[in-house]
Amino acid sequence: MMLVPGSIPRISSPESMIKCSIKFETRLLFRIIRDSLLLCLLALRVKKRTLNILISVFATTAILIFLFYKVRIKLSVLDLQYASSLIFDSWETIILLCTVFLLMPLNLLTEALKWQKVANSLHPVSIKNAYSGILAGITAGLLLPNRVGDFAGKALVLPLNQFWKGSVLAVFTSIAQLAVTIVAGLCAVAWFGPSFFSFAGLPGGFLTTIVAICGIVSILLLYFSIHLVAFLFRKWKKLHKTISVIESVKTSLKFRIFLLSVLRYFVFAGQNLLLLTLFEVKIPLPDSFFLIALMYLFLTAIPTFVITDFPARSSVMLLIFLAWYEMNGMEIPYALEAKIIYTSFSIWVINLIIPAVPGLYYLNKFSLLRKEKS
């Protein structure tokens with residue numbers, strides 16, 4: 001592809017993406033909610049079996065339409081011609097992209113293994129069903145803040161009488177992943193802290209390392225003491241009975257879940273690193289890894305909805321990488337904003353949108369309206 005020297009690929013800022021899409025997507029979401037309420041009213045007049053079929057058809061159609069418009073809106077702000085020139089520049093770049101795609105099933109498999117090991121304390125779950133629950137959770141999570149639908153999707157593979165206890169255990173697996181994310185982010189704070197203080201002309205850069213170490217120890221102590229949370233709900237007997245399932249998770253199992261969470265973290269961090277290499281964002285590997293760790297740390301503090309997830313990720317990633325170039329006194333490379341957004345968009349599609357499509361099938365299969373097997 002021929003590019004005019006000095007030209008910048010056509011691309012909108014992450015902030016403008018939110019303004020361009022939020023009105024349409026909010027309207028679409030309200031329509032989905034409205035139609036769902038109408039179906040609930042219809043439930044009063046139709047049989048359970050008929051209602052199950054209607055909701056399955058409606059949910060599949062609505063979410064497919066939602067995904068289509070989501071991807072179309074995001075594509076409209078990207079210069080696909082420039083992105084294609086980077087992706088198909090050589091066989092090496094094509095292999096890099098294929099590797100990122102191949103890491104996606106591994107990413108999901110590690111999460112499925114975590115869920116299987118925890119859920120087995122309630123009901124035997126095969127790795128196939130655990131994997132299916134992960135896919136269903138991704139789809140359900142598209143319509144809820146911070147993808148909290150992931151919890152329900154996982155729990156749907158269990159018998160109905162174990163659903164709420166399963167949801168509590170599903171939250172535990174997410175807490176394990178969150179703990180790893182925060183620990184990695186604090187390691188990044190320790191890595192960049194002294195340099196940042198030196199750049200800003202402030203004393204006490206070594207304090208960031210001490211604070212980071214204390215933070216890591218605190219997070220690990222909280223994680224391995226998570227079973228104590230049930231004690232806080234002892235006054236509410238029914239709620240306590242459900243939440244107390246967390247006490248069944250032994251320390252050895254917590255340790256295994258934590259290790260699987262670490263493995264999963266390295267998988268999706270590796271995907272980011274490969275895409276940065278593909279899109280020619282040239283930063284030393286250790287710094288790139290810790291910049292990504294900082295990005296995920298900041299994202300844990302930002303409540304995101306499906307409408308703002310991709311723009312928020314792109315904005316945070318861009319700000320962090322721009323700060324790195326400024327701290328190191330380096331010239332900002334050509335089209336850095338475009339390359340960062342290409343990276344963020346690729347991760348968003350590969351790890352979220354693509355798995356959500358087969359997740360539609362399993363979300364319908366594990367519908368709460370199904371009859372519980374005796």
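A Cβ is built for glycine as well, from the same backbone N, Cα and C atoms used for every other residue.
The shown structure was predicted, so the numbers you read here are calculated from the model rather than taken from an experiment.
As written in TrEMBL, here are the features:
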TRANSMEM  50-69  transmembrane segment
TRANSMEM  90-110  transmembrane segment
TRANSMEM  168-193  transmembrane segment
TRANSMEM  205-233  transmembrane segment
TRANSMEM  253-276  transmembrane segment
TRANSMEM  288-308  transmembrane segment
TRANSMEM  315-334  transmembrane segment
TRANSMEM  340-363  transmembrane segment
Among the ranges 168-193, 205-233, 340-363, the one whose Cβ pairs under 8 Å to the transmembrane segment (90-110) are most numerous: 340-363
Selected stretch (most C-beta pairs under 8 A with the transmembrane segment (315-334)) from 168-193, 205-233, 253-276, 340-363: 340-363
Folded-back contacts onto the transmembrane segment (168-193), same chain, C-beta under 8 angstroms, at least six residues removed: 111, 114-115, 118-119, 121-122, 137, 150-152, 154-155, 205, 207-209, 211-213, 215-216, 219-220, 222-223, 226, 242-243, 245-246, 249, 254, 257-258, 260-262, 264-265, 269, 286, 290-291, 293-294, 296-298, 300, 327
